[in-house]
Amino acid sequence: MAIDPEQQPITSVSREVGKSSGEISAEREPLIKENHDPENYSAVAAVLPFFFPALGGLLYGYEIGATSCATISLQSPSLSGISWYNLSPVDVGLVTSGSLYGALLGSIVAFTIADVIGRRKELILAALLYLVGALVTALSPIYSVLIIGRIIYGVSVGLAMHAAPMYIAETAPSQIRGRLVSLKEFFIVLGMVGGYGIGSLTVNILSGWRYMYATSVPLAVIMGIGMWWLPASPRWLLLRVIQGKGNVENQKEAAIKSICRLRGPAFVDSAAEQVDEILAELSFVGEDKEVTFGELFEGKCLKALIIGGGLVLFQQITGQPSVLYYAPSILQTAGFSAAGDATRVSILLGLLKLIMTGVAVVVIDRLGRRPLLLGGVGGMVVSLFLLGSYYLFFSASPVVAVVALLLYVGCYQLSFGPIGWLMISEIFPLKLRGRGLSLAVLVNFGANALVTFAFSPLKELLGAGILFCAFGVICVLSLLFIFFIVPETKGLTLEEIEAKCL
């Protein structure tokens, strides 16, 4: 029998759901068995429910790559095409970090609206704001309008990075859920490489920065149309049913239609039965009780927050922005001709990130989350201490720094890069997922801002060698956190994760 993407392939539901009233009987038996048949799914049907939300990640990555080149174009007296090209370091910093401030704001907005409007409408709103932000930025006549455009674009980043993992996780078959959510990280890196590429092609033409930002407009339109076409998450629709929000029969009918569209024509006959089973399972794990703000920090909710928030916190404070900041100088020291061109260096590292993320996508549902996290973060520890040693003791041997740099980037993309976003999309109970994931995204962007702005003064105070060794120590702490706290979720459906891991 075919079942919903989040539905337990291994569940056996003995409770009965009233077909007419939607009421769930009080009798409950274990829903999760140890041995089960694989969940039936159509790989073709899983493509579009992944692709359109993942465009939100692509647009996020594109903004990172394009902005690194746009700041060069903006400051060119001859090629900027504006009279206010003489920007101060603070002005340039605001251009670069404007989207980060917007993403923080978007995360706060997501906390309040996510469970009300649902994942699909949140992604439609994100696409609209991507479009508006890109147009305002590309057409800005003065500096202040440019910053407003960057903040609007950033709000869409916060919304998209919140809703996309949830929508993909809630509509993906459990056997390939890890692969698909991790593939979103691949799209982010692909967007970065695309941004670097478009930037390198337009940085030397008049008003090239406008073309860089305008390029994201058609992608935002495609994302918006695609999300408008896709159905709402059936899991979210049924959560509202058992929490008494909306008309029961209408919501159940919408969920049946959603499953039919997500699974294809072959699954039409079993859709109604699947809906009843999902309702029974949601009630079994207590999803019918709406969580209050205080309960976010109690019991299962608190454990999920510790796991998800801890992963995205360590994702940012283990030094990735700082290592990439030093990449051009490291490659230049090693004698790479590309080091004289920051854009080419960025493309080189972007391609490495793309390749290693692709490797993670291929193996994550076979090897599991914990092995990749432990192995990848272990490699990051070695690379950070190597980088620190280079600046402290081996400055005459630049090959040490180059090897450490490439090892760090590769190991990060095997571990924290894709798996951090995957785990926060899996680990939160459904009734908490919207607000819990928004808190995790807020931690992510907040830690990113902290590392970004603390790096320069810490570098001046401690020196690069000590700073990288300090990041290595933080990586060791993250290894301990993963080993003792983070559970393995490979092959588990979302209900199993809540039942077994929280």
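The backbone N, Cα and C atoms fix where each Cβ goes, and this holds for glycine too.
Just so you know, TrEMBL annotations are computer predictions that nobody has curated.
Since this is a predicted model, take the numbers as computed values, not measurements.
Per TrEMBL, the features are:
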DOMAIN    49-490  domain 'Major facilitator superfamily (MFS) profile'
REGION    1-32  region 'Disordered'
TRANSMEM  41-62  transmembrane segment
TRANSMEM  99-117  transmembrane segment
TRANSMEM  124-145  transmembrane segment
TRANSMEM  151-169  transmembrane segment
TRANSMEM  181-199  transmembrane segment
TRANSMEM  211-230  transmembrane segment
TRANSMEM  304-327  transmembrane segment
TRANSMEM  347-365  transmembrane segment
TRANSMEM  372-393  transmembrane segment
TRANSMEM  399-424  transmembrane segment
TRANSMEM  436-455  transmembrane segment
TRANSMEM  461-486  transmembrane segment
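The list of residues near the transmembrane segment (304-327) in space but at least 6 beyond its ends in sequence, with Cβ under 8 angstroms from a Cβ of it, reads 296-297, 345-346, 349, 377, 380, 384, 387, 405, 408-409, 412, 416-417, 419-421, 423-424, 427-429, 432, 436-437, 439-441, 443-444, 447-448, 450-452, 455, 459, 464, 467-468, 471, 474-475, 477-478, 481-482, 485-487, 502. The domain 'Major facilitator superfamily (MFS) profile' (49-490) scores a mean pLDDT of 86 in the predicted structure. Among residues of the same chain six or more beyond the transmembrane segment (211-230), those with a C-beta under 8 A of the stretch's C-beta atoms are 48-49, 51-53, 55-56, 58-59, 62-63, 66-67, 69-70, 73, 120, 123-124, 126-128, 130-131, 134-135, 137-138, 149, 195, 198-199, 202-203, 205, 261. Counting same-chain residues at least six beyond the ends of the transmembrane segment (181-199), those with a Cβ under 8 angstroms from any Cβ of the stretch are 50, 53-55, 57-70, 73, 164-165, 168-169, 172, 208, 211-212, 215, 343, 346-347, 350-351, 353-354, 357-358, 360-361, 364, 413, 417-419, 421-422, 425-426. The recorded stretches the transmembrane segment (41-62) and the transmembrane segment (151-169) share 3+ CB pairs below 8 A when only pairs 6 or more apart in sequence are counted, and are therefore in contact.
In summary, the transmembrane segment (347-365) does not lie against the transmembrane segment (436-455): fewer than three C-beta pairs, each 6 or more positions apart in sequence, are under 8 Å. Long-range Cβ contacts of the transmembrane segment (151-169) within its own chain (Cβ-Cβ under 8 Å, at least 6 residues beyond either end) map to 6, 49-50, 53-54, 56-57, 59-60, 63, 98-110, 114, 119-120, 122-123, 125-130, 132-134, 136-137, 177, 180-181, 184, 233, 421-422, 424-426, 433-434, 437-438, 441, 444-445, 494. For the transmembrane segment (436-455), the residues of the chain that approach it from at least six positions outside its boundaries are 97, 100-101, 103-104, 107-108, 110-111, 114, 158, 161-162, 165-166, 296, 301, 304-305, 308-309, 312-313, 315-317, 319, 321-322, 325, 420, 424-425, 428-429, 467, judged by C-beta separation under 8 angstroms.
With a threshold of 8 Å between CB atoms, the same-chain residues lying at least 6 positions outside the transmembrane segment (124-145) that come near it are 55-56, 59, 84, 87, 91, 102, 106, 117, 151-157, 159-160, 163, 210-211, 213-214, 216-217, 219-221, 223-224, 227-228.
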